[in-house]
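Copied from TrEMBL, the annotated features are:
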type    : residues                   : note
BINDING : L8, G9, C10, G11, T12, M13 : NADP(+) binding site
BINDING : N57                        : NADPH binding site
DOMAIN  : 4-99                       : domain 'Pyrroline-5-carboxylate reductase catalytic N-terminal'
DOMAIN  : 159-261                    : domain 'Pyrroline-5-carboxylate reductase dimerisation'
Amino acid sequence: MSGKIAVLGCGTMAGALVGGLIDAGTVKAEDVVATARSASHRDEITKTLGVTTSGDNTAAARDADLVILGVKPYAAVEVLGKVSGVLKADATVVSIAAGVTTEKLLRAWQGEVVRVMPNTPVQVGKGAFIVSPAPGAEKAATKVGDLLESVGVVVTVPEKLHDAATAVSGSGPAYVFLVAEAMIDAAVAMGLPRNQASQLTVATLAGSAELLTKGEHPAVLRSTVTSPGGTTAAALAALEAGGLRSTFATAMTACRDRAADLS
């Protein structure tokens, strides 16, 4: 997908997405116009991404081929409605606003609308994207997916499963960061210097994630580390007794339900 790209509301997630695409060479910085309310934020975007910025959503969206709707969920429909009059008839609108359905977006603009939920690892070319097209926007969704594949894995799901998938990958990095934080703190409590605890934890998580990409089931990989009656078995027993699995299920259900509340 080539042409002009307008990013309406270039916050953390939208900025990470655009930055990843630029770093991958898929998108040229000169083809992007990003909006933000404050002048200081716009200056920071220009400094970080090297793109043109604007405080005017309508001006940015005019004649854009791809419009990335990155504003807060409560403002998504309103912003799309305000710029709808200047959008090209064949433009594609990509909404990364959590919980905002394509049905609501289509009330503001009756063109090609695709919901996308990225995650922050897009910054290092390791993103995961959930793609859900509005009815009739399947071809546009394919083009969007082709664009995003340069910076991560793309999974297309029916919109009814979009919120559930968001609980996996959209919020998932935060779960991993919390696990890392807990492991580091526990190691420090046992006497390891914090820098060494951090180094070991990060390497362990990164290496374990790489093993998972090989396709082996997590339970199989876990069993290769777990000797009967050994140290790992003792640690896993403590985690199970603490309700790790049910806690994750509860947390991810809460995430899904919160996304639904926003719709």
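Cβ atoms here come from the backbone N, Cα and C positions, even for glycine.
Sequence features, as recorded in TrEMBL, placed on the structure.
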residue: L8; record: NADP(+) binding site; Cβ neighbours (10 Å): 28
residue: G9; record: NADP(+) binding site; Cβ neighbours (10 Å): 22
residue: C10; record: NADP(+) binding site; Cβ neighbours (10 Å): 31
residue: G11; record: NADP(+) binding site; Cβ neighbours (10 Å): 16
residue: T12; record: NADP(+) binding site; Cβ neighbours (10 Å): 10
residue: M13; record: NADP(+) binding site; Cβ neighbours (10 Å): 20
residue: N57; record: NADPH binding site; Cβ neighbours (10 Å): 23
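In the predicted model, residues of the domain 'Pyrroline-5-carboxylate reductase catalytic N-terminal' (4-99) average a pLDDT of 95.
Note: the CA-CA distance between C10 (NADP(+) binding site) and N57 (NADPH binding site) rounds to 11 Å. Residue pair G9 (NADP(+) binding site) / the residue listed as 'NADPH binding site' shows a Cα separation of 8 Å. In the three-state DSSP scheme, T12 (NADP(+) binding site) falls into the helix class.
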